Amino acid sequence: MSLKRKILTSLLYLLGIVIILLIVWHVGISEVVSLLLSTDPYLFLLAVLVYLLGCFVLTLRWNTILSISNYRASLKNLFLLIMMGQFINNVTPSMRGGSEPFRAYYLSKLEGIPKPISFSSVIVERVLDTLAFLIISFFVILYLLIKGIPIVEELVLVWLLIGALMVSGVYLIMHRSLPYRVASKLIKLISIISSRSIPEREVHKSIEDLQQNIIFLHHNRRKMVLPFVLTFLWWFLDILKNYILFLSIGYYISPLVLSLTYLASLLVGLLPTLPGSLGVSDALSITLYSYFGIPHSISTTGTLLDRVVSYILPTVLGFLAYCLIRRKLKGVKR
């Protein structure tokens, strides 16, 4: 990463932290701190375990997708890659994207799985995630529309944008000639700005293999039922984790309100704003919780606890996973 990029990322982080601090200051620092100190440690640890269980569900889903293509991978390595992906997602300007190419690349290196297979597996994962999210969030938006919540029009636009991006992405990847033309132009550009030579024929062969494997997975739709079910299970566990966090501060939140707020904030968080949508999704969550009658101090504390479990912890564990993966690859090279 260049110095300019590091400075920009640091400034974006700082902006996100400032937004959160301003929210806490507005709500009342003493109230929020008091609630944080009253957190039930056992319920908090249970929420952490639910989060890790969700990561294991994602690991099983990835392994299932690979097995459909007749490839096997170590669950330990897949879990490390999932955690590494959480780290990358949290340091890039999006809550749920950016890690796929890295996970696919390191999977290929760790397990010796052909790159077209590893890349097609993460593409299918992304499609499953997006489909499940669009289905669930559709009902959320419908409910908010009926209730007449002011921000619903913006959420509809974001929902349509995400759907359009998914369709466009799949179209681009599966087009007969477009990926090859894009690859050829990129190869020429790379050869101009660097001395590195990239064999165009090999790149085109990889694209063809990638498309063929996606088509193969599409033709095995019955086998894709389990990965799709695991995707919905992961969404359920992620919402359950938040429910437990509110219980840990002694507040019984409506599962419906929690689900609506969680999905609406995530919908906004999918847009490339600040790293991990730090501050942006938090502000929206607190606003929606308040709209549904939850006290500001409770909604702010619950959101902060979620940041610890869903952002700080995964970032630390993900970085450690990345270091372990790099060490493993060095051992393989030797």
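Heads up, the Cβ atoms here are built off N, Cα and C, so glycines get one too.
TrEMBL labels come from automatic prediction, so no person has curated them.
The transmembrane segment annotation in TrEMBL covers 12-36 (among others).
Panel annotation: around the transmembrane segment (42-62), residues 73, 75, 78-79, 81-83, 86, 121-122, 125, 128, 226-227, 230-231, 233-234, 237-238, 240-242, 244-245, 247-248, 305, 309-310, 313-314 of the same chain, lying at least six beyond its termini, place a Cβ under 8 Å from a Cβ of the stretch. The transmembrane segment annotation in TrEMBL covers 42-62 (among others).
Residues annotated as transmembrane segment in TrEMBL: 127-149 (among others). Using a Cβ-Cβ cut-off under 8 Å and counting only residues 6 or more beyond its ends in the same chain, the transmembrane segment (127-149) has close neighbours at 61, 96, 155-156, 159, 162-163, 166, 170, 224, 227-228, 231-232, 235, 259-260, 263-264, 266-267, 270, 288, 291.
Summarising the annotation, TrEMBL assigns transmembrane segment to 155-174 (among others).
What TrEMBL records for 225-246 (among others) is transmembrane segment. Outside the transmembrane segment (225-246) by six or more residues, the chain places 43-44, 46-47, 50-51, 53-54, 57-58, 60-61, 64-65, 124-125, 128-129, 131-133, 136, 252-253, 255, 258-259, 262, 298, 302, 305-306, 309-310 with a CB less than 8 A from a CB of the stretch.
The transmembrane segment feature in TrEMBL is assigned to 252-271 (among others).
Per TrEMBL, the feature transmembrane segment maps to 278-296 (among others).
Look at TrEMBL and you will find 308-325 (among others) tagged as transmembrane segment.
Within its own chain, the transmembrane segment (155-174) is flanked in space by residues 123, 126-127, 130-131, 133-134, 137-138, 141, 144-145, 182, 210-211, 214-215, 264, 267-268, 270-271, which lie at least six positions past its ends and keep a Cβ under 8 Å from the stretch.
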